[in-house]
Amino acid sequence: MVLIRVLANLLILQLSYAQKSSELVIGGDECNINEHRFLVALYDVSSGDFRGSGTLINPEWVLTAAHCETEEMKLQFGLHSKRVPNKDKQTRVSKEKFFCESNENYTKWNKDIMLIKLNRPVKNSAHIEPLSLPSSPPSVGSVCRIMGWGTLSDTEMILPDVPHCANINLLNYSDCQAAYPELPAKSRTLCAGILEGGKDTCSGDSGGPLICNGTFQGIASWGGTLCGYVREPGSYTKVFDHLDWIQSIIAGNTNVTCPL
């Protein structure tokens, strides 16, 4: 009887995992074409490879994750379908890139942030509009929107033609500490996801925004080995903690340092 019960429990766990994986911009749907005017697609100029996403914060600047960096970057604005671009799509290249100290000085829990100055400003249009920086930090329990052209599967790289969106929850930092024991006691990151699994950012979604209660609060940074897995939420660079750094660089003070 005990053996039968153990086998039954194992079967339930397997079915539960299979369900979460299949639901796995894992677990989302195609974004509304009008809800991501600020979303930027990043490419490596030399290889043409897709590198992730960024957020347009004013006509000349894009905020993304440091680990999305390549030597020369192409940025596409007003993009929804990659195969059938919007008529108002605009393309720019990186003129300057700014990091916390260097493009290699970041970790899973600190300083995974990059500010890109464009070679020339973009113009607002039907599908292009900057997203404002936050005026206050987010609250645990907030409903947050994730989006990107990242893989739809955690077992193989399946990049969609259009960005996918999903709603997740802003969690306590302790939830990420429980999942990832290597995390320090404090971090300038946000912990977000669905603890029951099923919705998550994944490979290719890096650098994209975490929008909590309508406000830009985080930058997709990293997560568990499997996307959308139970009790393995994602980590997002906390935008609010880097406001002084961002605003100082945009104002021309490039000697400013990131918060410790």
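Backbone N, Cα and C atoms are what each Cβ position is placed from, and that goes for glycine too.
As recorded in Swiss-Prot, the features of this protein are as follows:
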type	residues	note
SIGNAL	1-18	signal peptide
DOMAIN	25-251	domain 'Peptidase S1'
DISULFID	Cys31-Cys165	disulfide bond
ACT_SITE	His67	active site, charge relay system
DISULFID	Cys100-Cys258	disulfide bond
CARBOHYD	Asn105	N-linked glycosylation site
ACT_SITE	Asp112	active site, charge relay system
DISULFID	Cys144-Cys212	disulfide bond
CARBOHYD	Asn172	N-linked glycosylation site
DISULFID	Cys176-Cys191	disulfide bond
DISULFID	Cys202-Cys227	disulfide bond
ACT_SITE	Ser206	active site, charge relay system
CARBOHYD	Asn213	N-linked glycosylation site
CARBOHYD	Asn255	N-linked glycosylation site
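With Cys31 (disulfide bond) as the anchor, the candidate recorded positions are Cys100, Asp112, Ser206, Cys227, Asn255, and the one with the nearest CA is Ser206.
The active-site residues shown are His67, Asp112, Ser206; of these, the one with its CA atom nearest the CA of Asn255 (N-linked glycosylation site) is Asp112.
Note on the domain 'Peptidase S1' (25-251): its mean pLDDT in the predicted model is 95.
Shown are the recorded positions Ser206, Asn255; the one with the most C-beta atoms within 10 angstroms of its own C-beta is Ser206. Less than 8 angstroms from the CB of His67 (active site, charge relay system) sit Tyr106, Asp112, Ser206, Ser221, each of them six or more residues away in the same chain. When the C-alpha distances from Cys100 (disulfide bond) to the recorded positions Cys144, Asn172, Cys176 are tabulated, the minimum falls on Cys176.
Residue environment of Asp112 (active site, charge relay system) contains 26 other Cβ atoms, counted within 10 Å of its Cβ in all protein chains. Here Cys165 (disulfide bond) is positioned 12 angstrom away from Cys202 (disulfide bond), judged by their C-alpha atoms. Working note on the disulfide-bonded residues Cys100, Cys165: by count of other C-beta atoms within 10 Å of each C-beta, Cys100 ranks first.
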